[in-house]
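Taken from TrEMBL, the feature transmembrane segment applies to 22-44, 56-75, 87-108, 115-135, 141-162, 174-197, 217-237.
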Amino acid sequence: MPIRNIAVGRPEEATRPDALKAALAEFISTLIFVFAGSGSGMAFNKLTDNGATTPSGLVAAALAHAFGLFVAVSVGANISGGHVNPAVTFGAFVGGNITLLRGILYWIAQLLGSVVACLLLKVATGGLVVPAFGLSAGVGVLNAFVFEIVMTFGLVYTVYATAVDPKAGSLGTIAPIAIGFIVGANILAGGAFSGASMNPAVAFGPAVVSWTWTNHWVYWAGPLVGGGIAGLIYEVFFINTTHEQLPTTDY
C-alpha cells in the first residue's frame with residue numbers, strides 16, 4: 001500500500017546539492033509556465049482593451065498553457081521530475097514517490113517561481129494588472145471546487161500514467177506532451193467557469209501581485225484533493241498491483 005511508502009525524509013535532505021538543484025529546476029520551470037500562461041491572458045486584455053472574454057480568447061489561453069507546460073515539464077523532467085505544480089507534488093507524496101521535506105522544498109520553489117513570473121510580467125508590461133483567478137458570474141464556490149478537483153485528477157492521473165509508472169515504457173517520451181494536452185483540454189472545459197487553474201502555484205502568483213484573494217482557497221483545496229485522489233488510486237490499483245506491460249504493437 002502507498003501509505004506504507006510515505007516518508008517524511010531527513011532534515012539534511014533539504015540542503016543536499018541534488019535537492020537544491022531540483023528545487024531550482026522547479027523554480028525555473030514554474031516561472032516559464034506562469035510567465036507564458038498569465039502573460040497570454042494579459043496580452044489578450046491589451047489587444048481587446050480589457051474586453052469580455054471570447055471563445056477565441058479561451059482557445060488562445062488553452063494553447064498558451066498547453067505549450068508552456070509542455071516546455072516547462074520537458075526542461076525540468078531530468079532534474080526534478082518536472083512537477084511544476086504543488087498538486088502534482090502532493091499526488092507524488094501520497095503515492096510514496098517523494099518525501100514530505102523534499103515536497104515542501106518543491107512547493108516553496110514553485111510558489112516563488114510563480115510570484116517572480118508575475119512580478120516580471122507587471123514590470124515588463126509597464127504596470128498592467130496581472131489578472132487573478134476568480135469564479136465566473138453565476139458559478140458557485142461548490143461548482144468551482146468540483147471543477148478543480150476533477151480537472152486536477154485528470155492532470156495528475158496523466159502524470160502518473162505517462163511519467164511515474166515504472167512500466168510506462170515508451171510512453172515516458174511523450175509524457176510532457178500528454179501533460180500539456182490534458183491541461184489545454186481542461187482549460188477549454190473549465191476555463192469559462194473557474195478559470196481552470198489545476199495548480200495552486202499558478203493561482204498564487206497572480207493573487208500575491210494583484211493582492212486579490214477572493215475564493216482563493218478553491219484553487220488550493222480543489223487541486224490538492226484531486227491530485228491526492230489520483231495519486232492514491234493510480235498507486236494502489238495500477239502500480240502496487242502487478243500489471244503486464246502491453247507489447248509495443250498493441251499501443
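Quick reminder: no glycine exception, Cβ is built from N, Cα and C everywhere.
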Open item on the list: Within this structure, do the transmembrane segment (174-197) and the transmembrane segment (56-75) have 3 or more Cβ pairs under 8 angstroms, counting pairs 6 or more apart in sequence?
Closed with: yes
Open item on the list: I'm a bit unsure how to read this: which one of 115-135, 174-197, 217-237 has the highest number of Cβ pairs shorter than 8 Å with the transmembrane segment (141-162)?
Closed with: 217-237
Open item on the list: Counting a contact as 3 or more Cβ pairs under 8 Å, with residues at least 6 apart in sequence, do the transmembrane segment (22-44) and the transmembrane segment (174-197) touch?
Closed with: no
- [ ] Sort out the residues at least 6 away from either end of the transmembrane segment (115-135), same chain, that have Cβ-Cβ distances under 8 Å to it, and list them.
- [x] 27, 30-35, 38-39, 41-42, 45-46, 141, 143-144, 193-195, 197, 202-210, 212, 214-216, 218-219
- [ ] State the residues, same chain only, that lie 6 or more residues beyond the ends of the transmembrane segment (87-108) and have a CB under 8 A from a CB inside it; answer 'none' if no residue qualifies.
- [x] 2-11, 13-14, 19-20, 22-23, 26, 80-81, 152, 155-156, 159-160, 164, 198-201, 223-224, 226-228, 230-232, 234-235, 239
